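Engineer: Quick one: this structure, given as structure tokens, is what I'll be asking you about.
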Amino acid sequence: AAARDARDSRAAAAAARDSGSLGADADADGDGVVSVEELEAYRQQVDEYTQSAYDKYQEQLRKVEERVQKQRQELAQALQEQKELEEELVADSLYGSEGGGDAANKGSRACVVM
């Protein structure tokens, strides 16, 4: 019975190896059996890969967040400039930007326009 179990285990390991599953990846010596040492080594590889992938993700995220922050600042500045230009335009249209005259006359023209 023990020989049959070992044979079945090796057959299952070979099938796993052929299908590209975890068993094949963890079976470092290719004997069809994943030992505790092989499993621990495989777990360590997975942990290292996971940490590396996470570190890359964090770096990409940091770069994106910096770019977003910069774009938000640029947008805020552009909106402020737009507001100032619109205020200038309103002031120019109400008080007139061409021609002479004093502030009192410009003010009275604004009242007439309104």
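Cβ atoms here come from the backbone N, Cα and C positions, even for glycine.
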Engineer: Between 55-74, 95-114, I'd like to know which one TrEMBL lists as region 'Disordered'.
Structural biologist: 95-114
Engineer: Please compute the mean pLDDT of the model over the coiled coil (54-92).
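Structural biologist: Mean pLDDT for the coiled coil (54-92): 96.
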